[in-house]
Structures are given as C-alpha cells and as structure tokens.
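Structure record follows, encoded as structure tokens.
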Amino acid sequence: MPGQRLRKPEWLKLRMRTGPEFGDIQRLLSETSLNTVCRSAMCPNLQECWSRGTATFLLLGNVCTRSCRFCAIGTQQKPIPPDPKEPARIAGAVTAMKLNFVVLTSVNRDDLPDGGARHWTETMKAIRLSSPDAGLECLIPDFEGNDEALDMVMNERPDVLNHNIETVPRLYTNVRPEASYNQSLSILDRALTLHGLATKSGMMVGMGETFEEVVASMKDLREAGCSRLTIGQYLQPTASHFPVERYVPPEEFDAYRDEALGMGFSTVQSGPFVRSSYLAGSEE
C-alpha cells in the first residue's frame, strides 16, 4: 500500500529507562524555558540520557528556517529573534545539573546575518565562566558556508566540533535539499586544518543508501580529517517525513563500526539507537 510505514522489528523496541534525575531535568528545563534537541527532535535515547543526568541543549529556539525531510523540528522562514538571556540560562542549567560534559546544538537560522554564530559564542563563554571544568561539544549547522561565522564559533575552541553529513551524497536532493555534502566536508576540514579541533560527524542509515555508499562517505570523512563517527537508524518522525526504506539489522551496524575503525576513526558509535550526541564525552 502506498505510504504504508514499515513495522518496527524487535531490536527497535526500546525499553523505557528512567531514574530520579529524569524528573529533575524535566522540571529544570520547564522552569527555565530551555529547549533540548532530546525533546524537539524526538530522540529515542531521551530517557537514558536524562536518567544519566545529561542533555543536549538546543540554541536559537526550536523552529528552523530549513525543512530537511528527516527532521522532526518545526520549520518557519522567519522565527522569533534569539533570546539574549538564553546563554545565561543555559549556563545556569549546566551548573544546576552538575554536568561534566555539555553538548550544544542549534536550529539553522538563515534569517540572521551571522546564522546565530554570535549567540553560539556567547553561550559557550557563559558555560565556561560558570562551569570551567565542563567539557564542551558543539554540533553546529553549516552557517550557509559563511567562513566568518564558522571561525567565530571555532575560535572558542570546543573540545569537539561536530557537524553531521547526515546521509550519502546521492540522497541529498531528496533528504537534505538546502544543504551541500561537499560544504559539510569542507567545514570539518576547516575545523581541523585551520583550528586544530577534534572533529566528529554522524550519519543516518535506512533511507535507501547502500552499504558501499556509507563506506565511501566514511572515507570522505577521513579524508576531511574527521576522527569520530556516529551511525544510527533513521526513524521517520511523522507520515509526512521521508519514509524509512528499511530497518538496518544490528549486525550491519557492527560491520559499519568495523569498517570505520579499520579506516582509523578513533571513536565509533554505531547502532540502531545511536544519535549524534549519544555517549558524548565518554571518549574524553
């Protein structure tokens, strides 16, 4: 039947895990009106990460100026202006949560002259001022390839600079039409070559790519100097999003991990539920 969604296999039936920290974080985020990608992107690891006392903060609101067909975050051409108090609120939440490692990400803000880069730097500075011992990973957008905006963020020297290629180049037109595969690779190369940053990227599988295409993209990432990799199963957020072509079995994720480690990636997280920030900081 056209439009029929695939039935999830047994290995994708996640057992909910919650601890006392889960409720504490939920209350804190509600009280401070902060956004997390955990909730906005419907991450399957939300319960696990929150129960471990970690979260990924979503900067610049929860509405994106782009409409990637895989993403659950809402889209709008002219979102509300950035909240100038958000950097301080996030820094306060990091302190209250006693985080040892912080992950920051953001929506695309193509409506802003700098894509939100200054807001990024203000948030990073605020966190480092209030929690100087906390590690910091930044999962950045492409800033439309604006070198000045990219350098503004990279000059703050996060411990890890993460930028996802998301999928193989053949699928970009249908999955990520407002982005460029080669531009994403150049961002990772810039972070390492010009700034000496540890770089990381992530891919989703199950969208129609072949095993060989994923391996080829891994090679592209290594050529760009990327040393850390995440690979996870694409899960269709709603019926209107890009359909799942297939559910990749666990043993295929193991094969991806072996291929990546053989290429020289220092850290590889590969599995059905893996997402960009899954176990972030565990390799630090």
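Note that the numbers count up from 1, one per residue, in the order the chain is shown.
A Cβ is built for glycine as well, from the same backbone N, Cα and C atoms used for every other residue.
Annotated [4Fe-4S] cluster 1 binding site per Swiss-Prot: Cys38, Cys43, Cys49, Ser277, in sequence order, evidence recorded as sequence analysis. DSSP classifies Ser277 ([4Fe-4S] cluster 1 binding site) as coil under the three-state reduction. Counting every protein chain shown, 29 other Cβ atoms lie within 10 Å of the Cβ of Ser277 ([4Fe-4S] cluster 1 binding site).
Feature annotation from Swiss-Prot assigns domain 'Radical SAM core' to 50-266. Note on the domain 'Radical SAM core' (50-266): mean pLDDT across this stretch is 94.
Within its own chain, Cys64 ([4Fe-4S] cluster 2 binding site) has Cys71, Ile73, Gly74, Thr75, Gln76, Pro79, Val107, Asn108, Arg109 as residues 6 or more apart in sequence whose C-beta sits under 8 angstroms from its own. Among the features that Swiss-Prot reports, [4Fe-4S] cluster 2 binding site is placed at Cys64, Cys68, Cys71, with the record citing sequence analysis.
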Just jot down the residues in the same chain as Cys68 ([4Fe-4S] cluster 2 binding site), at least 6 apart in sequence, with C-beta under 8 A of its C-beta; none if empty.
Glu166, Val175, Arg176, Pro177, Glu178, Ala179
Cys71 ([4Fe-4S] cluster 2 binding site), number of other Cβ atoms within 10 Å:
21
